[in-house]
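Annotation comment: Swiss-Prot describes 127-267 as domain 'Fatty acid hydroxylase', evidence class sequence analysis. Look at Swiss-Prot and you will find 9-29, 46-66, 91-111, 121-141, 174-194, 289-309, 315-335 tagged as transmembrane segment.
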């Protein structure tokens with residue numbers, strides 16, 4: 001029986017290690033620690049291994065920002081692609097290990113013997129890049145597109161039509177070796193000529209990585225006017241649209257960075273410059289049909305976005321240790337956004353041919369509780385609504401604190417101020433209430449409700465009393481309780497009961513939490529209690545003899561496309577119920593605004609519509 005063998009250098013030897021592959025950096029880090037101890041200070045001027053670690057950190061952060069416009073391929077990067085390209089940094093690991101062996105050998109000069117800058121070394125590197133690296137990569141790349149080499153090696157790199165910056169590193173060991181030789185040839189020549197420098201090492205490697213990432217970013221960053229004014233530049237630098245044609249058609253545009261070699265080799269795609277111009281002018285720009293308007297929660301979660309850490313944002317938010325050293329940088333961005341910023345696009349996906357986007361107001365959770373910031377936040381939300389209206393967006397759904405009752409009356413402020421809005425503004429809380437209510441077992445006769453006089457609490461109480469379920473409403477305000485009770489039909493008002501202490505619920509096993517509970521307050525719940533909740537942030541589960549529900553959420557339909565970002569702490573494909581409520585509002589084509597108080601009579605209608613469109617409870 002014949003045994004199929006994998007092609008040489010087609011898989012990574014440390015693949016079985018999983019995340020433990022980063023232990024391979026151990027000897028390099030150990031060398032730096034040893035030199036640090038010997039010298040009594042950070043060996044910045046004497047340790048190549050330290051420079052390798054610094055380069056590793058800088059290379060791993062090479063990334064480009066998404067923009068609303070200028071996307072080359074309209075498709076999004078979904079979870080399947082992210083998982084497939086998860087180990088994009090294998091090439092960086094390999095290059096770091098090879099470099100560590102070279103720099104610790106006697107052949108390589110010590111950093112103390114090198115100048116910080118040598119212009120002649122830079123000139124040599126440029127000449128060697130054009131004369132050696134570019135043609136070598138071009139012909140190697142063309143060879144990789146031949147039958148057996150393509151199927152055994154290069155086809156993996158072409159797995160997806162929509163590329164991202166990290167796709168640049170998603171290669172086999174053979175391709176990685178080719179790229180390493182191509183990238184390092186100019187450095188080797190400059191050092192052999194005696195004109196190497198520290199700046200050349202940093203500058204060349206980071207510029208090489210940046211240009212590779214730029215090409216794969218799928219975002220056009222060079223103006224077509226640059227090529228119109230200086231036509232010769234078309235042959236000296238490629239563009240993301242240029243590379244996208246290669247990934248799409250696979251028979252042209254093979255160059256590394258310089259289209260000149262495609263022109264000389266007869267493989268330059270004639271559509272390259274026209275496509276670049278169209279993308280730059282925004283001709284392929286598409287107006288979103290639905291927008292979910294969020295805000296930043298806190299400094300750490302601000303890094304949970306695809307244009308900062310694609311891998312982290314593809315998983316439910318958690319405080320990863322790798323994010324903590326970057327906290328000062330994220331804090332700096334928060335300060336910058338406080339003074340000069342505007343609403344920006346976070347992510348997008350497609351559902352049944354319609355484009356859905358998530359926009360973010362550049363404000364953090366704590367800022368919503370600063371009285372002096374209220375006016376500015378409302379102005380930002382208002383500008384986002386007006387921009388969406390001008391663009392032709394059909395529905396805009398407000399998330400979390402953007403629809404805070406004290407801030408803007410759940411969106412009522414904007415609808416009243418702009419009565420002619422074409423975009424429908426919704427808070428999505430009708431579906432949020434429906435999700436919570438449908439979690440409650442049918443045999444429950446009594447519930448305990450905190451946050452009872454809030455917008456959601458009111459709707460939940462009025463709905464349950466109509467089902468003849470006794471609702472213990474925790475509130476100190478008799479006036480607010482009476483106002484809600486009077487809204488209920490006379491025959492059901494008896495089922496709404498005001499309580500002022502948690503002790504009143506010590507025999508009730510169904511708690512609906514709309515206000516944060518401390519461990520002491522949770523103690524009053526009897527054993528076996530289930531905590532349903534609509535409080536943000538979710539309560540911490542201190543009781544081991546009780547169960548805790550998650551925030552109201554729904555799973556998007558299975559035919560969603562291009563979804564590659566988790567919504568805060570939600571799982572993959574799961575969104576907050578208010579987000580789902582906006583989606584349902586759009587899919588149904590409802591023409592009313594959903595702002596202010598929740599219409600209890602519409603809860604069942606919205607729930608049934610959500611199920612009809614393929615959304616399911618998460």
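Quick reminder: no glycine exception, Cβ is built from N, Cα and C everywhere.
Against the transmembrane segment (121-141), the recorded stretches 9-29, 91-111, 174-194, 289-309, 315-335 differ in Cβ pairs under 8 Å, and the greatest number is found for 174-194. Outside the transmembrane segment (91-111), and at least 6 residues removed from its termini, the chain residues within Cβ reach (under 8 Å) are 14, 21-22, 24-25, 27-28, 31, 45-49, 51-52, 55-56, 59-60, 169, 171, 173, 176-177, 179-180, 191, 196, 198. Note on the domain 'Fatty acid hydroxylase' (127-267): mean pLDDT across this stretch is 95.
Only residues 6 or more beyond the boundaries of the transmembrane segment (9-29), in the same chain, are considered here, and those with a CB under 8 A from a CB of the stretch are 49, 52-53, 56, 87, 90, 93, 96-97, 100, 152-153, 172-174, 177.
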